[in-house]
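Taken from Swiss-Prot as is:
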- 38-105: domain 'BTB' (DOMAIN)
- 140-242: domain 'BACK' (DOMAIN)
- 289-337: repeat 'Kelch 1' (REPEAT)
- 338-384: repeat 'Kelch 2' (REPEAT)
- 386-424: repeat 'Kelch 3' (REPEAT)
- 426-472: repeat 'Kelch 4' (REPEAT)
- 474-514: repeat 'Kelch 5' (REPEAT)
- 515-562: repeat 'Kelch 6' (REPEAT)
């Protein structure tokens, strides 16, 4: 016979009334309507509001401090408030009892100020939401100032984003011309300034200065520093920027123009000396991309694919395939926004051919061959010219005349060296031929001479080392280790950074956007990898940056700028391409103005000298 199952009675029953808060608020509101249990009266502009201390203290930290502290108001039955109108105090008292308030165009400013004073954060947030919905070109600057004055961070950020997005329309208004110097500098320096091309940013800056030239001229050089002149089109830089008296009468401004010209002629190394001016605004559609060329897949089949990765979108795109058999042992380098692939072999013969990828038309063309066929060499760009370095020879390519010239070879031949340009010199890092120790040699283009550097203890030997320049430092990535060494040419010292998350045997290294990208190769488990990881010098840490389109090794990678569709289409004003005669005329006017300016300076100086005598 089965024993009966005994049912145990629960010892407790947790209960939560979801309607309790609503019912409690309703009850408090009813007590107020019935005028029961009032224990304090608030007065403003002669009008009285009968309230409950507990309700006020629960709704506002201001009133909690008033009634719970040692202030005399804590024991007073009648409290006079001088900082608020009766109408706004009534709105806040009603809010304490109902949780409701009506924000209007007429009361929003004062209501926000009052809510901020009496510490009603939710009312303040409601006012901010109302103002954010009403943002337009006519009030965005005023709302941003107002939001910052009352620590409304989200509203201030929204107003700032609105200004940056609508800067072209805003620049046509009188409010823009009255903009403070500090505020304008913030806008023009922001990456988020929404212009279709950098010329528009220049025009906006010029308009503000010329609106009050006498009082704003001294701000101009610093303001021009925030314009990304390297990305202003060449004809505009010559015919509109350099020819403007604001620019050519200022040595500081002329230096900025010279920097832009150097960048556009590929003499300026943006990786060696990065800066905000070398970074295009996203709205222009110009993006710095990572380009991966060739390599081998998992079956060791040769790839002729060319893929590009845009860090802004996190997407890969196909570019024009390499038109010929790449082979192995080739080298890749970026000269401006063009990519050069040099040499290599098919296993039986060496190549002397050189292929150039023109990013503006997405096309590969063959240029003049090297003076010597070679493989497993290294190439890099120094001062706008392409250098190819082998164990026993060096040559240089001038893209303007499509011509190669022989240079002195390294005094100490190197096997599988890696080259990079840093601080105006070319550095080759590798193992000396026949030795298993690493060495570093330096080429000075001014003296046309190589020298072997004594840089202390170098990194261990590596079969296929890779080096890249970033922020004036040379990052050295070994082929068989996750460790990364850094060489400082100024101090002639080596250091280490955090190791990579995995090894990249046969991987590739490049600099992009002020960060270091390492991709592909075989990992710690000898599996072919598609991992791309990135090193950020500011945080001194590695992080994942996506994956290659497929696992790849022995590929090349470089970074270039490539034009995509601008995010905005409107322009500040029409810009016509000047004819050649017009450019010559601009040059003549500029030279004439400089001549007149110098004459005036000399005359003033002579007058001062005569007065002294």
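Every residue number used here counts from 1 along the chain in the order it is shown.
Note that Cβ sites are derived from N, Cα and C of the backbone, with glycine treated the same way.
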Residue numbers, six or more beyond the limits of the repeat 'Kelch 5' (474-514), whose CB comes under 8 Å of its CB atoms: 271, 274, 279, 288-290, 292, 295, 311, 418, 420, 422-423, 425, 427, 429, 440, 442, 453-460, 462-468, 520-524, 529, 531, 533, 535, 537, 540-542, 544, 553-559
Secondary structure content, the domain 'BACK' (140-242) (per DSSP, counts of residues): 77 helix, 0 strand, 26 coil
Beyond the flanks of the repeat 'Kelch 3' (386-424) by at least 6 residues, Cβ under 8 Å: 266, 269, 272, 331, 333, 335, 338, 340, 342-343, 354, 356, 367-372, 374, 376-380, 430-433, 439, 441, 443, 445, 448-452, 463-469, 472-474, 476, 489-490
